[in-house]
Amino acid sequence: MATYNADAIEVLSGLDPVRKRPGMYTDTTRPNHLAQEVIDNSVDEALAGHAKSVQVILHQDNSLEVIDDGRGMPVDIHPEEGVPGVELILTKLHAGGKFSNKNYQFSGGLHGVGISVVNALSTRVEVRVKRDANEYRMTFADGFKDSDLEVIGTVGKRNTGTSVHFWPDPKYFDSAKFSVSRLKHVLKAKAVLCPGLSVVFEDKNTGERVEWHFEDGLRSYLTDAVAELPRLPDEPFCGNLEGSKEAVSWALLWLPEGGESVQESYVNLIPTAQGGTHVNGLRQGLLDAMREFCEFRNLLPRGVKLAPEDVWERIAFVLSMKMQEPQFSGQTKERLSSREAAAFVSGVVKDAFSLWLNEHAEIGLQLAELAISNAGRRLKAGKKVERKKITQGPALPGKLADCAGQEPMRAELFLVEGDSAGGSAKQARDKEFQAIMPLRGKILNTWEVDGGEVLASQEVHDIAVAIGVDPGASDLAQLRYGKICILADADSDGLHIATLLCALFVRHFRPLVEAGHVYVAMPPLYRIDLGKDIYYALDEAERDGILERLAAEKKRGKPQVTRFKGLGEMNPLQLRETTMDPNTRRLVQLTLEDATGTLEIMDMLLAKKRAGDRKSWLESKGNLAEVLV
């Protein structure tokens, strides 16, 4: 087993950015996220098999104390930085023993971005460490060291652990008070997800003391949560599988008569409130198994094909994924974006659910009936759209590769820059619900073109016919696709084309934008190869972040960085995984929150008559531009 001391702590960068932009590192509505970071570190000790209990105390002065019986933070001097490990962990951003996997196989808190952020956003932090038969104490004020590490007593050799007591700084939060209900919810979830761990919460304001301890984790948690509701099956469908780099466990059931459902997902015991690729994988695995079950038994009525939402409706689940190097959208870790999670979870769940359905055929048939009935309702509610093979109304553009499905709200149209990329996209798409229309070169700048004349442009005419909505029309009844996705290269030309298309939709198809139907796909600009591992980066900042992390992990080999010159350079499999697969892609919805401000900026950028304003803007703001070479 690896020794966990100061030289196991790796440093990536300083603490300065946190106070300037606290919202990038934590949820600033309340200090609950700070509590979660400290709790995560203690729970990581339990995950690694070093701690059996975690105690959380909310004091009357609104400070919070988290105590565990793990190994204790390192107190020896770091070989490169020349300060004790505990000081490094609390004063340097991205300092921790969790970047490589020597000290923790799976970890949620990066002893790093988390606990140093707690220090940066607190007026005072007091850390006590029991380790090597001594008890140590160190204090911090406003993110800086307030007192040196000192020995304050002796303890038994086996008496180890860490206590972190912090006072959140009210100026960084909308409300400086902890939400007790949310705190208790997180703590109960930790106990559920780490069977055998004892978690205690004490509120000194009310005298309340609660202890959670689950030997039968997910199953009993889910059963308790939906105890009063009719459910199918009666006992949750549970499963788990642990690989060398990832592990997944779940408990799920359906609530045929509805009711308040539980839908919770976690990565390395961190709640992912916005789901992510692991939840997408669970949904896909259940769908694949149910489709197979229905087809094998010939249960599907003619013309009915199960969609993900048919199986997902009225589901209650708890999903726990453990993986090395999870990637999240944003620092607050609320959505998992690691692409490999979707494939791992869907494969494991599909195999397990297929087996379970066939072993419990009677319940399987009831669940199939439920899904088929959901599909029937969906088909009845949605109008059908005639696809390209039907010749009536205006002829659809010849270059449109339409999808087969007839439900407009499920269908997606990708407007793809260039014919070569269009070819890759046609191979990468799911023909059932994804249509492709290649665009030749840059479209017309339509910002100042009158609504009646805009259709004179062949490209704009083809887009209007394909989507089924005329420029300027407010009636979206004939809309043929629920999502219209702009897919252009990640380089400067691609951004120009994407801007012109956004301008077209904002100026001439505004009701589409306001109804949330227009999206911009985010293809990666870089691919990073290191051995067998592949990482994709959206831009330079993400590329640098991945390279920094790989350097901190001290992985063998030199990373090979490839810059995609265009979508056509990606093979169909890469394009599908990074840009088109709903389980693993990134799509940004085009919204108009501040319509007046947005229209003013776009007018200044796109109107021919405002060249003078553009020049002034470039002179005053040109230094803020990102130059893409």
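The chain as shown is numbered from 1 upward.
Each residue, glycine too, has its Cβ placed from N, Cα and C.
Now, the feature entries from Swiss-Prot:
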{"type": "BINDING", "residues": "Y4, N41, D68, G109, L110, H111, G112, V113, G114, I115, K333", "note": "ATP binding site"}
{"type": "DOMAIN", "residues": "411-524", "note": "domain 'Toprim'"}
{"type": "BINDING", "residues": "E417, D489", "note": "Mg(2+) 1 binding site"}
{"type": "SITE", "residues": "K442", "note": "site 'Interaction with DNA'"}
{"type": "SITE", "residues": "N445", "note": "site 'Interaction with DNA'"}
{"type": "BINDING", "residues": "D489, D491", "note": "Mg(2+) 2 binding site"}
{"type": "SITE", "residues": "H496", "note": "site 'Interaction with DNA'"}
{"type": "SITE", "residues": "R614", "note": "site 'Interaction with DNA'"}
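Structure with Swiss-Prot features highlighted.
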{"residue": "D68", "record": "ATP binding site", "Cβ within 10 Å": "27"}
{"residue": "E417", "record": "Mg(2+) 1 binding site", "Cβ within 10 Å": "27"}
{"residue": "K442", "record": "site 'Interaction with DNA'", "Cβ within 10 Å": "14"}
{"residue": "N445", "record": "site 'Interaction with DNA'", "Cβ within 10 Å": "16"}
{"residue": "D489", "record": "Mg(2+) 1 binding site", "Cβ within 10 Å": "23"}
{"residue": "D491", "record": "Mg(2+) 2 binding site", "Cβ within 10 Å": "15"}
{"residue": "H496", "record": "site 'Interaction with DNA'", "Cβ within 10 Å": "15"}
{"residue": "R614", "record": "site 'Interaction with DNA'", "Cβ within 10 Å": "14"}
Return one of helix, strand or coil for R614 (site 'Interaction with DNA'), based on DSSP.
helix
Per DSSP, how many helix, strand and coil residues does the domain 'Toprim' (411-524) have?
45 helix, 21 strand, 48 coil
Starting from K442 (site 'Interaction with DNA'), work out which of the recorded positions listed here (D489, D491, R614) have their Cα within 10 Å, and give them in sequence order.
none
For D68 (ATP binding site), the three-state class that DSSP assigns:
strand
Mean pLDDT over the domain 'Toprim' (411-524): what is the value?
89
Distance, H496 (site 'Interaction with DNA') to N445 (site 'Interaction with DNA') (CA atoms, angstrom):
10
If I take the alpha carbons of E417 (Mg(2+) 1 binding site) and H496 (site 'Interaction with DNA'), what is the distance between them in whole Å?
11
